Structures are given as structure tokens and as C-alpha cells.
Amino acid sequence: MVNPADVPIEVSKVFDTILVLDFGSQYSHLITRRLREFNVYAEMLPCTQKISELTWKPKGIILSGGPYSVYEDGSPHVDHDIFKLNVPILGICYGMQELAWINGKGVARGDKREYGPATLNVEDSSCSLFKGVDHSQVWMSHGDKLHALPTGFKVVATSDNSPFAAISNEKENIFGIQFHPEVTHTKQGKVLLRNFAIDICQASNNWTMENFIDTEIARIQKLVGPTAEVIGAVSGGVDSTVGAKIMKEAIGDRFHAIYVDNGLMRLNETEQVYKTLTEGLGINLTVVDATDLFLGKLQGVTDPEKKRKIIGNNFIHVFEAEAAKIKPASGQEIEYLLQGTLYPDVIESISFKGPSQTIKTHHNVGGLLEDMKLKLIEPLRELFKDEVRHLGEIMGVPHDLVWRHPFPGPGLAIRVLGEVTREQLKIAREADNIFIEEIRKAGLYKDISQAFAALLPVKSVGVMGDQRTYEQVIALRAIETTDFMTADWFVFEAAFLKKTASRIVNEVDGVARVTYDITSKPPATVEWE
């Protein structure tokens, strides 16, 4: 058992860490994911990070790609203090050009752009970065290229359009590659990244959820102390449940969970959540039925952003009121608020591109901190979704809940397009239940990352028996993804869709037509609103 007094508050001080400096590439988060896949902890920070402000020393540094040109005014550049750390450095695409620019400025616009697959020709197989890597397909995505070899570097690999597709200065342990090893289109990309992290950086591959849980429990105990009380909102989803379970293991009944039933949940959801969290996991849970309040506030509202804000604001009011009723047996005041932040949320907030135009308002309990004067505790903020699931299984969270598809904070309010009424919710609930039921019967539930039925605000002509009908339309959506930052639509067999559509039209009153959404993310988001 880990002694709480011996555990640093920062995970990067516990595990060997590769630092990924993000220059704004759409692939930057994949670098972090790939490293963790072979149990090396990696953390992403913006390329503007001042090295002097780091409170920990990385085992190695990776400079990501980016949509800029190093020679243009206003382009981002890395803090040159990275070279004072004397750790291995790998530059990818823009990151390689940044290294070349710093070491001689030999970067210019290419004669032609190189996007897509290319054949990599390894010229120097003795390079430690390319151990086990041979001539193979790689993924290129660049318009600029090196036109001269930087001082102290040698050519390791070429492509038809890139005479400097890979370069190295092994004396200084600095490497540059023009292609993207983090994407699956680069056939031996994982081998290359593993060589860098484990062989060159000598990072320990001890980043496992088994090691994380002991460290995290001790970290929570150190942060919270022996007497402080913690509250947290739970939804029955894997993130909030695993977060609640960690708190239960760390501080026992000093953690108080609150479940707000807003009337926008899936079929029989509240009953299932209560049974799982109390009887199954022993969590101290309070359930609040606020259905009438939420549906009353949503009456007549059709704009999705307004719906989200109404739900978020009223959630805060209900949560605050219920939290005020909690009187810990210890006599202590509530000091901390549990929040289920995951690492993709962190990446989104620190990406070098910065906060972009608001696509959707995130439904969380951030507003509670200022209102309730609570300190935040986020036990899952270093984890990707798949890591949270693995952690849940280790901690004894029921398998069905661990692998349950995500459900949005605003619930069915953003799956009922247009005004939310009890009647519309009933249609959406029943259609969704049939869809998920058929997915489970087909043995596809675990193959699909998220699936749901959305009720559209349009009507369509149909025929039931000898009668003409004019009823609503259900849109089915199912996606595949590893991190929910990008997603592809799931390809069902036609027979499955035919059976599901038939059941929905015949069993759900008010539905005349069923469609299937075949849009990927991007350009679409997962949810319709």
C-alpha cells in the first residue's frame, strides 16, 4: 500500500513522463495515446510552455506537427531551454522543421505538397530510432520541407518528395521525422515511438491502471487529509461511477454522492443507477427527483444552446440545495467537489489552437466551485476513456456499467430536437431502448462506442394498415471511436437496420419513419444538438 505522505500531488512526478509539446496538429493527442498504449506515461502541453515553469523533468520531449510555417512571422516556436534539459528530443513534421530552423534555418516551401501515404526508404538502419523499422508506408501531411541538412545531423530516411524524411543527431539524441508515426496509416509508427520512449529515453513502462489506482488513492488521501468531506454529482455513467468508487476507496463515507433525476434520463435509468451505486458499490448516495422543475423550465424552448444552459443552471441550483442538506456525521464542512474531468477535456483546454468558437456548451459542474466556495478534486483528469474503463474493471465496477455507452449531461433534451415534452421524451426513450436492445442481441454493443436514437422535429407521411399516418421521424446514430475526438459511423448489416426500424415503427406510437445517420466526426458532432 502506498503511503499518502510519500506521494507527490503531480502524476508526472510519480511516473516517468514523455512531454509532448503541441503545435496545433490535429494528431497531437494521438502521440500521447500511442505512448500510453505501451505503458509509458505521456503528458501534452502547449508549445509555448516555459521549461523553467515545469515542476518535473521529462524523460524525453516530442515536438508535434502543426499547421504553420516556421519561417513566417507569428509562427510558434519552442522554448530553447528544452536543449538545456539534456533529454532526447523527437520532432514530428512541423516539429522536425522547428529543429531544423533552430539549427540552421534550412526550411522552405516545398515544390509540391505531400499529403497522404508515401513510401519511406530507410537509408541508415543503424539509427536507434529506426530499430526494427524498414521500408514501409508512412503518412505525410506537409507543404514545407527541409532544403538543407541542419548542422550536426545526418539523413536517416527519404521519400520520393522528401530527401530529408528522417534525420538524426545521435550524439545529442535529437531526431526529426517528416511523417506522422502516431497515425495508423504509418505502418510501423508504433515501433518507432516505442524505440524513442523506451530505448532512447529509457522511460519505464510502468504506466498501468493497477499502479495508478494505488498512487491515486494515496494522492487523494494526501490532498483531502483525514477529516475533509467531499461531495460529487453522479450520473450512472462510467466516468462519474469510477470517480465515485475511487473516492469511496480513498475516504469512505466522507464522500457524498448526489444523483439528480432531471426527467431526461433513459428508460429505467434512475432505478438502475441507485441499485448499482448503493447495493453494488456501497457508495453513500442521495437521489433527488427534479423532473417537474426541469421539464417546466424547458417548456417552449427549442434552441439547443438554451436547453443546455437551462439544464446546467438548474442542475447547479438543485445540487446546491441538496448539498446544503448534507450534514456529515463528523461535523466537518464540505470542502471538496468531485468532478469527472478526463484527459481529452484537458487537451481541449490547453491545445495551442486555444479556445475556438464555442461548438457546444459543456455540461459540467464547474459553476459550482465559485458558488459553493469548494476546492476541486479530479481523480480521472490524467486518463483517457479506455483507461477509465480498465480502471473501473480493476475496482470491481460491474462490467455492463464499465462498458456502457456515454450519455450526455443534458440527457434526452438534446436527443429530442425542438421542444422537450413528456410525450416527446417517451417516444425518444422507447425508440432508444429498442435500438440498444437490438444492438445487444446482435452482440455488437461492445464494438460500438456510442449509439442512440434521436427524435427529429419533422413529420413524415406513412401507411399503417389501410390508414394514412403523418408522424415523426427517428434518426439512429452509432459510432466507432477510441477517444471521442474523432469518430466514424458504424456499418450495420442491412438486415439489422431493417429489423430495428420495423420494431420502432410498429412498437413506438408516434413514429412513421426511421433513418440512419452516416456522418463522421468531423464534420458532424456525435450528438445532434
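A Cβ is built for glycine as well, from the same backbone N, Cα and C atoms used for every other residue.
Copied from Swiss-Prot, the annotated features are:
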- CYS93: active site, nucleophile (ACT_SITE)
- HIS180: active site (ACT_SITE)
- GLU182: active site (ACT_SITE)
- 207-404: domain 'GMPS ATP-PPase' (DOMAIN)
- SER235, GLY236, GLY237, VAL238, ASP239, SER240, THR241: ATP binding site (BINDING)
- ARG308, ASP466, LYS521, GLU527: XMP binding site (BINDING)
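Annotated features, which come from Swiss-Prot, shown on the structure.
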residue: CYS93; record: active site, nucleophile; CB count, 10 Å: 26
residue: HIS180; record: active site; CB count, 10 Å: 24
residue: SER235; record: ATP binding site; CB count, 10 Å: 21
residue: GLY237; record: ATP binding site; CB count, 10 Å: 19
residue: VAL238; record: ATP binding site; CB count, 10 Å: 23
residue: ASP239; record: ATP binding site; CB count, 10 Å: 20
residue: SER240; record: ATP binding site; CB count, 10 Å: 22
residue: THR241; record: ATP binding site; CB count, 10 Å: 28
residue: ASP466; record: XMP binding site; CB count, 10 Å: 5
residue: LYS521; record: XMP binding site; CB count, 10 Å: 16
### Query
Distance between ASP239 (ATP binding site) and the residue listed as 'active site, nucleophile' at the Cα atoms, whole Å?
34
## Note on the structure
Whole-number Å distance separating the Cα atoms of SER240 (ATP binding site) and ARG308 (XMP binding site) is 19
### Query
So what's the mean pLDDT when you look at the domain 'GMPS ATP-PPase' (207-404)?
87
### Query
If you measure LYS521 (XMP binding site) to VAL238 (ATP binding site) at Cα, how many Å is it?
22
### Message
I'm trying to understand the geometry here, so how far is the Cα atom of ASP466 (XMP binding site) from the Cα atom of GLU182 (active site), in Å to the nearest whole number?
### Response
58
### Query
For VAL238 (ATP binding site) and HIS180 (active site), what Cα-Cα distance in Å is obtained after rounding to a whole number?
32
#### Entry: Neighbours of SER235, GLY236, GLY237, VAL238, ASP239, SER240, THR241 excl. site residues, C-beta within 8 Å of centre, ATP
VAL234, VAL242, GLY243, GLY340, LEU401, ARG404, PHE407
### Task
Measure from the Cα of GLU527 (XMP binding site) to the Cα of every one of the recorded positions CYS93, GLU182, GLY236, GLY237, then give the nearest.
GLY237
### Task
Please state whether DSSP places ASP466 (XMP binding site) in a helix, a strand or coil.
coil
### Query
Which of the recorded positions HIS180, GLU182, ARG308 has its Cα closest in space to the Cα of THR241 (ATP binding site)?
ARG308
### Protein Cβ atoms within 10 Å of GLU527 (XMP binding site), excluding its own
17
### Message
What does the structure give for the C-alpha distance between ARG308 (XMP binding site) and HIS180 (active site)? Integer Å is fine.
### Response
37
### Message
For the C-alpha pair, I'd like the distance in angstrom between HIS180 (active site) and SER235 (ATP binding site), rounded off.
### Response
38
### Query
At the Cα level, what's the spacing in Å between CYS93 (active site, nucleophile) and GLU182 (active site), rounded?
11
